[in-house]
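**Q** The structure that follows is given in the form of structure tokens.
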Amino acid sequence: MPRWEAAALLAAIVGVCVWSDDPGKVISDRYAVYWNRSNPRFHRGDYTVEVSINDYLDIYCPHYEEPLPAERMERYVLYMVNYEGHASCDHRQKGFKRWECNRPDSPSGPLKFSEKFQLFTPFSLGFEFRPGHEYYYISASPLNVVDRPCLKLKVYVRPTNDSLYESPEPIFTSNNSCCSLAVPRAVLVAAPVFWTLLGS
């Protein structure tokens, strides 16, 4: 392969790598939680999901395809609570109602609620999350229903490298250097290969 073709190929590869390494792109994952007492992850009481900022948590409510007596269908009111409310499974401990799973026999399928973990929300009823913090959800059965276990979920928002909220000490989050050079990783990896191809 002639030298100029190798250089052009390498430049194209580096360009694609740099373009795909754009830090401005928002990449998110979705995590599904099936909120019902038959979900084994709820049985020990330590169900935890780890998310990152911009990820989604999808809560799927109980749903029944076959007809069942109403008293056998699971219905829940989900609350976001503080640590004490999670530990005691008491939504009155600084908790607020988040969602209501109240249509287990809906012909259109299970109710699904989604939580987006974001630093800032444009919605007045939205919730803002901070990296490095834990958030807690519990459910309470409707008042006329007894013998329902307490279902609890802990969500941990992973710290990020560019977050200003993950360290209580500002010295660890501020950039004290007078200048910084932001070089994409792909360029640093490809530079030695490029020089090797040119030298051969």
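For all residues, glycine too, the Cβ spot is worked out from N, Cα and C.
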**Q** Of the cysteines CYS61, CYS150, which is paired with CYS101 in the disulfide recorded by Swiss-Prot?
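**A** Within the candidate set CYS61, CYS150, Swiss-Prot assigns the bond with CYS101 to CYS61.
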**Q** Which one is it, CYS89, CYS179, that Swiss-Prot ties to CYS150 with a disulfide?
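**A** Checking Swiss-Prot, the candidate bonded to CYS150 through a disulfide is CYS89.
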**Q** How far is it from CYS150 (disulfide bond) to ASN36 (N-linked glycosylation site), counting Cα to Cα, in Å?
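**A** With distance taken Cα to Cα, ASN36 (N-linked glycosylation site) is 10 Å from CYS150 (disulfide bond).
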**Q** Of CYS61, CYS101, ASN161, which is closest to ASN36 (N-linked glycosylation site) if I measure between C-alpha atoms? They're all recorded positions.
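**A** Result for ASN36 (N-linked glycosylation site): the nearest of the recorded positions is CYS61.
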**Q** Determine the minimum-neighbour residue: among ASN36, ASN161, listed as glycosylation sites, which Cβ has the fewest other Cβ atoms within 10 angstroms?
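**A** Across ASN36, ASN161, these glycosylation sites, the one with fewest Cβ atoms within 10 Å is ASN161.
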**Q** Looking only at the domain 'Ephrin RBD' (28-161), what are its DSSP counts of helix, strand and coil residues?
**A** 12 helix, 44 strand, 78 coil
